[in-house]
Amino acid sequence: MRSNGCGDLRKEHIDNSVQLCGWVDRRRDHGGVIFIDLRDRTGTVQITVDPDLGAEAFAVAEHLRSETVLQISGKVRARPAESLNEKLATGAVEVLASGITVLNSVKGNLPFPVSVHDEENTREELRLRHRYLDLRRKRMNDNLRLRAQTIQAARRFLEDEGFIEVETPVLTRSTPEGARDYVLPSRVCGGEWFALPQSPQLFKQLLMVGGIERYYQVARCFRDEDLRADRQPEFTQLDIEMSFMDQEEILQLNESLICSIWKAVKGIDLPRPFPRMTWHDAMERYGTDRPDTRYGMELTNVSDIVKDMGFKVFSGAVKNGGAVKCIAVPGGNEALSNVRIKPGGDVFSEAQKAGAGGLAFIRVRDGGEIDTIGAIKDNLSDEQKQELLSRTGAEPGTLLLFGAGDTATVNKALDRVRQYLAKELGMVKADRDNDQWNFLWVVDFPMFEFNSDENRYEALHHPFCAPNAEDLGSDASQWADTLPGARAQAYDLVLNGLELGGGSLRIHDSALQRQVLQTVGLPLEEAQEQFGFLMDALDVGAPPHGGLAFGVDRMVMLLAGEESIRDTIAFPKTQQARCLMTNAPGGVADKQLEELHVASTWVDPTEEDSN
């Protein structure tokens, strides 16, 4: 049907007869001559329709609408000097049309414009409802091509390193670790259920036991959890596992993988090695285990300086086992008014959203003088003031913002405020303009975290991470005193404040695996019922192994400079886990439920209220 792509035509094609297919991007009538911008996946080219040289083609062109599908026959010629378009790859040529065939027309009005010339801030809900049309937009088309490039580059690298792609089951069984499962009833095995995998975690470990040694998969994963901009109920992981490699070797190989992807997709040579930071240092300095290191404003712990001062908000927080931390905002005196920091202000609101009661502040003036509320100023000695300024490195013009309370809340609040101010004050570029790629390995994660509501320990990542041998010995009866500080051989790769991927060395000894499962509250009988197949596998000569998984959707979001992963997925769900285009999820016939031995107990709240 076509001889060339619209965006492929160049000066070397002048005088060639061509056939093109595509959509009408724009149509312009310039008093007797009609110009059509014809668009396909390769780009856009100008079509000139002259009634003196093609009367039938002109008659068709007079009535064309945007997004009409055309086949055009014509000859490539040079554009007149006055109409050259340097913004287009095809801007030096045009096609003089001799024939136009309408392959399909547009019925009714388009829900939103597609042409790059007419792009507007269309509501996302409307875009998702008509996703097939939204995908024609250059931005979306480019994102999907970039996604394909990213996966292709990863496959090429891994296969060159001796990895093989193996598919693992999508229908599996529900296990108690991780987030909530999506479950599916079995028709054949009445009363029993499959679960969709949250990750291929156990299967890839079994592949290592099976001697595969180097595995990867572009895996579909499913989690029934509350959603946000960078999460979806179904998502894609680049899943990797390998045997006979220690943590250092795994980190090195995956740095090489990331560098290979960035080179292939962005043409960038990333500096190596990537910096590393322990989980403890990340939490202390940034308040988060995924710090954005493109800018400063690190958290400074000043608990020891203010623990005895008369300002009870500070001293009380330390007395109750919490912390007082602050961030130093350079130029903050001029950039941030008191109104923005106090209740009702935008900066105050950011802290409040993270659970903080508010923010205290100190403005550093010329000569090291400070300006703050009386309750702080009156209770801060000269020695404490000088120590604060020294520890924070605050120069005149700096604004110090303080959080006080339990350490977790202080960290969360100041982390949120820090990220907010970095954007507000121009310390980082907008996503689409970003040219900083600050990678960071976060290592030495805690093995466990304590769940105070259930009065038990839980695995911070998952219960298959190998513990650091220095922290947990082989005798589980001696673990009680070391659990709070026990580290896992786990690692995350962070990019510009977002987790790009994470993994660990795995437990490959069945006795240790049972001990860890018991520690996180899974009795031996239940552990055997849920994970007996894994224990059996570990008992037949399981090799030392480890790996990690990268979030493909998030990786592509960062490479594309998008704010949401929904703009890097062909057919995403909303934050309510709905597909607006197909209206999924939807109801099913009673007969289907009967065949599955399932009865619905759902009651529509609107109907219940009306009764």
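Any Cβ shown, glycine's included, is placed from N, Cα and C.
Copied over from Swiss-Prot:
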- His30: site 'Important for tRNA non-discrimination' (SITE)
- Glu177, Arg223, His461, Arg506: L-aspartate binding site (BINDING)
- 201-204: region 'Aspartate' (REGION)
- Arg223, Asp224, Glu225, Gln232, Glu499, Gly551, Val552, Asp553, Arg554: ATP binding site (BINDING)
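Features recorded in Swiss-Prot, as mapped to the structure shown.
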{"residue": "His30", "record": "site 'Important for tRNA non-discrimination'", "contacts (Cβ under 8 Å, 6+ apart)": "none"}
{"residue": "Glu225", "record": "ATP binding site", "contacts (Cβ under 8 Å, 6+ apart)": "Ala179, Arg180, Arg231, Pro233"}
{"residue": "His461", "record": "L-aspartate binding site", "contacts (Cβ under 8 Å, 6+ apart)": "Phe445, Ala488, Ala490, Gly502, Ser504"}
{"residue": "Glu499", "record": "ATP binding site", "contacts (Cβ under 8 Å, 6+ apart)": "Arg290, Asp492, Leu493, Gly551, Arg554"}
{"residue": "Arg506", "record": "L-aspartate binding site", "contacts (Cβ under 8 Å, 6+ apart)": "Gln205, Met208, Phe464, Cys465, Ala466, His545, Gly546, Gly547"}
{"residue": "Val552", "record": "ATP binding site", "contacts (Cβ under 8 Å, 6+ apart)": "Arg147, Thr150, Ile151, Val218, Phe235, Thr236, Gln237, Leu238"}
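Around the Cβ of Arg554 (ATP binding site), a 10 Å sphere holds 21 further Cβ atoms from the protein chains shown. Under DSSP, Arg223 (L-aspartate binding site) is assigned to coil, being neither helix nor strand in the three-state scheme. Residue pairs drawn from Arg223, Asp224, Glu225, Gln232, Glu499, Gly551, Val552, Asp553, Arg554, the listed ATP binders, are separated by up to 20 Å at the Cα level.
Looking just at the region 'Aspartate' (201-204), the mean pLDDT is 96.
According to DSSP, Val552 (ATP binding site) sits within a helical segment. Sorting the region 'Aspartate' (201-204) by DSSP state (H, G, I as helix; E, B as strand; all else coil) yields 4 helix, 0 strand, 0 coil. Other C-beta atoms found within 10 angstroms of the C-beta of Arg223 (L-aspartate binding site) number 20, with every protein chain shown included.
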